[in-house]
């Protein structure tokens, strides 16, 4: 493994949650690699399929027509980690390190390099395999846009578009009914979707995990609008946003892993508090998984295609251990180890945040 | 009042919840009436504005450009009933019959006939006013399609379109992740949105208020699909659907009025039950108010325009006491009194329901 | 052939131009038929595939996931007629009657009944085969909605939606630039798309093949709007619309068959004439094939599914020689022979046309 | 003029063709400026309104609800240049320099700085006014993305989205009918829309003004696809693309100004040539003005808002003579004089172009 100009066979897998553009990345990896004479395997169902040896050969026919389709033709899962893999022993589920078996499966199939398309969790696993000697290239995937080292992850633009369209629909109802409409969008730790969708959809308040909010500020904004004759308000809240000091009881229990998080219905609680404190009819909509699936926007199809081509080129040039990233409208390479396990949050000097303040958006602080 | 060929001044109001197409109806009423030399007043904020005398003259300028816009330029409310109107006396809210005041307001403005664009509740009030001698014409509005006497209400096609698009997005995630995806759509008493959106979005199970469902049937469908290699299922459930005998505790408390209904999260409970009984990861999305607002589909814009023109023609011909309705691709007239207070539910012989059964959709029975 | 309760094997084909919903019909036919224990063949590439014996078995797997997809998994063509089939003899293309060979191919495969999904041309061929003894059921397909005997053909709602969305986009530019925007839509003989899209998109003039237009009327409408402060106008013109007496030279040569028609750029000529006669900047957009393809609307997916189920039920009940049709929100059956070769045009008493006049739309007369 | 901390009154105008996002920029400029206590005038109908003194005060009410709307509330024109302004003298149109009158109008209204939202032509005029001493800030607007110094202009993402959606629709028809579908998109000098839309829509060939194409290369690509069982091809061609050496007679007459260009139907000619040379049925769709109007994408709404805020901040800080620009996901400032009159074309080392080649797209060379 590892000698670039000898790589003849590669594999690609998709890990973690769904994100629009997965198929577009796969297509670009496959087409680029086949165009250079490589053989390409798909690993089904994420890292679990690496353990279970679920391989399928990918040809130009495999990827024909998949560019506009949501989901992933390879299947995925956000559960399985080969280094901590669930197996049943004596009727009980225990966790074992089956990374060796996973590597052996690749070796047996003659696979010399792996393209991992995934988010935070998948990058960590990819990094561990890389340290074990597997030539790995990663593509940053998350609708949340919270992977550091890249200006954009693919899937984000589509999620923002879906949320902004929902705001457009809620807007007319809010205005006609003199209501406060709250839209809860995805974003447990980072508020990128809320920030962008709120800006695109004309929200009056945008509440982010990065800025604990004061319910008083939100109420003040609603009242200020009423004084100017606007009998309605639109609020976007990230699922992970929470109030300062607990005026509204949004619970937020994080116990070490994504799976353990139980969010407390941030949007619903906020809507109830607003209705109670202002007397204005308030309604909450939780957009949920609609943000994660379906056909990607043109932007995401293009970004995914660029990422896929760039990942295949990393393989061809032997530039392993890298994640492809967007910077200054170009695709660059960043060492996975610099990124895995780190977060990308909205900071106080974020230009879009400041632009929002300039046009009078309340961020709850 | 009442002599058709003398009507010179009319008013129009929008009552009840939001529905895409309200503005299109208003535009068509106004344009048709102005074209025939009438004067048109808009009553703001539904029947409440009739009591509070909130009148605004409507001209061709008022309705320019509103055809594609959601909401209603007149405002609306689903609270105020002039026959049972909330007033504050000695610091307490009591309810009085202010219908006389409402009628006096119209009389004072010279308004001789009223076009009411509204749903079930608004039709009842319109019917009461008609019995008091006010020349009334009604336009059937509800995204739920549950008004009898018409093949379609406006707003329904848009709501179905929004829900079907959401299903398309959930579909790709369900398939990639081998999940059960549950989509809860609007429909407390009638399952039209669920039935149509489910058929359009390729749902495997569609659960309706009209057919108490067996959780066993749902599970059986999911398992049947697994046996044929389909590791995912899509379920659409109306918010008012409930289980037979209570295997899943979907609460459903109806206390006389729409405002008292508290639904118990039908979709969320179903998703949890499925995950528990099958071990398959299951997720619920509650689409909510996104179904009610925003730009109408071409179908709804056209239907709304036809309704608006037909309502204005009723006024011009003195055909009061009627609701305009769609039948056999034509707009007809139905006496409001035959319709107000009645329901339009999906019956066992519904052709679309039977078509669904023919292609293997499970309706929970 | 012909004994209904013995039909065990059927075939389905799609003929003529593309229309959103073809796959939805195929899916419904296949699922319904398989559910009743039949075997289903697909004939590829329309009636040509019947001559060339291009058969493929259709299973539940074949139709999985095709509901939202445009096009047809069977392929289609709007060229091949088995009764007048192009063959090369001595280096020249001549036309022969190969209907016998086509029937023999079906017989050899054990196919006892045929479902034809097609428009005008396909219905004629289906009718001829029916007269030769082949048990046939037809499904009316055309984006033009010009097949008689049914309130709607599938594909029409999608085409109208695409055209109306284009009008929405042109509207904002027309308004900002004080322009006349002309949108040319499909419709050689019938103006249904123009009428519906124009109504949905707020057109000021709608020009139809059924009503030869006066350029003076169009100009008068534009000037009337200018006098009321509207510095822009939106015009929808069907490709087959033509002027009275030839003030604008829109050529329209019809030589017996669809293939011979050469339309003269009705929209472009109109835009130039308007610019010349009014001095107002005018632009034309020809929407073209974008109206014919892509994912169907919810309405078309449902209608297509109902048609497909109903067609399969015709086969199961031995009700051959029928076309399924929509009437009064129900699917009914009409004898193909009553329909084939006949047209469905907009008549002067059309209610939507009259509604358009009521709200001030100019139809060029 | 020119002392930043004394600016109390500003004006904003929109020049040139329509682009989705104009209203979003206006809204952001107005809100930011009002928030800082400035007074804001809108100049109607572009630079013409500056000459004609068409001023309207802009308040928060003026810009309420305009974020999602296409077009511009100020009106625009792509004709009028104050330095070369059409006036009628003795019944004839002659051109005079009325820039002095335009400046006098601003001075009289107390306007101390001007925000110009426009493309190439508007930037040139803005630059000339700046050289005459008018404090100017510019916002780069064009759907063509061909302004240098910025990674993106607003309106481009929406145009690409519209074109990509059209390709999606054409794709299904091409595939079902075994056709070559040609989509002609905007782009006279620069092929950015064609390149991005083609990548997003899965085009097989993309023909750009920057790369004269060989019809032989296009035919070779179509035939290569046929050999691999793909009986259809999708081609995107920019309106300004032209063939090497003239195998296909696409005329391209450029006489010094945008107004003089008459393009020769590049797409239509290409489709006819392909059909003639391959025998494959080929169809062309010219997307036209649909690309220019309507509601902006979320991306364009956000970019426009950022630009508007940044332009107002330039005014507040006295940073005149600048165009705001996007670079590395941040808004920066570039001297207008460095940009006006220059082009931004796709170069051979463009990464997206190279990615396209990697996945097998033919660029006609």
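Glycine is treated like the rest: Cβ placed from N, Cα and C.
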Fill in the blank from the handout: Out of B:17, B:21, B:187, TrEMBL lists as part of the ATP site with B:79, B:80, B:119, B:120, B:121, B:122 the residue B:17
Problem - Spatial neighbours of residue B:292 (substrate binding site) among the binding-site residues B:17, B:79, B:80, B:119, B:121 [C-alpha, 10 Å] - result: B:17
Fill in the blank from the handout: Of B:119, B:142, B:144, the recorded positions whose C-beta sits under 8 angstroms from some chain A C-beta are none
Practice task
Filter the binding-site residues B:80, B:121, B:186, B:188, B:283, B:290 down to the ones within 10 angstroms of residue B:144 (active site, proton acceptor), Cα to Cα, kept in sequence order.
Solution key: B:186, B:188
Exercise for the section: Average the pLDDT scores across the domain 'Phosphofructokinase' (B:10-314) and report the rounded value. Expected result: 92
Fill in the blank from the handout: Looking only at the binding-site residues B:142, B:188, B:283, B:290, residue B:119 (ATP binding site) has its closest CA neighbour at B:142
Completion exercise
Record-annotated substrate contacts B:142, B:143, B:144, B:179, B:186, B:187, B:188, B:239, B:283, B:289, B:290, B:291, B:292; largest Cα to Cα distance in whole Å is 33
Handout entry: Cβ packing number for residue B:121 (ATP binding site), 10 Å threshold
Key = 22
Exercise for the section: From the binding-site residues B:79, B:80, B:121, B:122, pick the residue whose C-alpha lies nearest to the C-alpha of residue B:188 (substrate binding site). Expected result: B:121
Problem - Cβ packing number for residue B:80 (ATP binding site), 10 Å threshold - result: 21
Handout entry: Rounded inter-Cα distance in Å - residue B:121 (ATP binding site), residue B:142 (substrate binding site)
Key = 11
Practice task
Ten-angstrom check, please: count other Cβ atoms within 10 Å of the Cβ of residue B:144 (active site, proton acceptor), all chains counted.
Solution key: 27
